Amino acid sequence: MINKIKILFSFLALLLSFTSYAKAEDLHDKSELTDLALANAYGQYNHPFIKENIKSDEISGEKDLIFRNQGDSGNDLRVKFATADLAQKFKNKNVDIYGASFYYKCEKISENISECLYGGTTLNSEKLAQERVIGANVWVDGIQKETELIRTNKKNVTLQELDIKIRKILSDKYKIYYKDSEISKGLIEFDMKTPRDYSFDIYDLKGENDYEIDKIYEDNKTLKSDDISHIDVNLYTKKKV
């Protein structure tokens with residue numbers, strides 16, 4: 001078993017050992033963000049909402065799926081989608097939710113406190129027989145660092161879940177949302193086996209409030225986990241920008 005693990009890690013290291021081509025000048029700088037934006041980004045990516053195997057038959061405003069008493073501490077949970085079709089897709093289905101949640105400007109459903117979340121929803125029945133390990137290649141100023149690993153047991157996983165997991169690692173290890181940390185720019189790229197790839201500029205936040213930061217996930221973009229090749233992360237320090 002140990003030998004198999006060593007072979008897996010060696011293969012990942014070989015697979016991910018190509019050169020980074022991301023350009024720092026094309027990315028947003030952390031110095032552009034307010035203290036509030038950095039604090040909210042830290043909170044959103046370090047403390048995700050996670051719930052499995054819950055069901056709702058209630059839709060509000062056509063696009064919001066309502067889970068009574070299923071939020072943290074028994075709050076009502078409002079899951080917001082970009083379209084009514086997405087809300088209908090998950091109505092009356094057992095679902096898993098993994099995402100960044102917020103309270104400010106979350107519309108109340110009842111007398112309970114309401115907790116909101118954009119997307120982050122997958123069907124509970126669609127699980128892998130064996131956990132999938134995805135390698136994340138990290139460069140700082142073009143110098144390759146230790147490969148990070150994220151895991152999922154889902155056949156179809158939201159881009160939000162993967163993004164949160166890798167940003168949590170980067171937050172812990174490189175302090176990306178600390179104002180005084182040396183990292184000033186960054187790009188996360190999800191490299192697929194299919195023609196299309198996906199990327200996030202770490203400091204391209206769409207506002208300083210949590211409900212603004214999280215809105216990029218309302219499309220509930222979902223990837224087949226078997227189609228994900230690996231993740232590339234390019235970080236840049238102030239001295240290199």
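Glycine residues also receive a Cβ, built from the backbone N, Cα and C atoms like all the rest.
As recorded in Swiss-Prot, the features of this protein are as follows:
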SIGNAL    1-24  signal peptide
DISULFID  CYS106-CYS116  disulfide bond
BINDING   ASP191, HIS230, ASP232  Zn(2+) binding site
Distance [Cα-Cα, Å, rounded] between CYS106 (disulfide bond) and ASP191 (Zn(2+) binding site): 34
ASP232 (Zn(2+) binding site), number of other Cβ atoms within 10 Å: 22
ASP191 (Zn(2+) binding site), number of other Cβ atoms within 10 Å: 14
Cβ-based isolation winner (fewest other Cβ atoms within 10 Å) among the disulfide-bonded residues CYS106, CYS116: CYS106
Pairwise Cα distance for CYS116 (disulfide bond)/ASP191 (Zn(2+) binding site) [Å, integer]: 30
Cβ atoms near HIS230 (Zn(2+) binding site) (within 10 Å, other residues, all chains): 18
For CYS106 (disulfide bond), the three-state class that DSSP assigns: coil
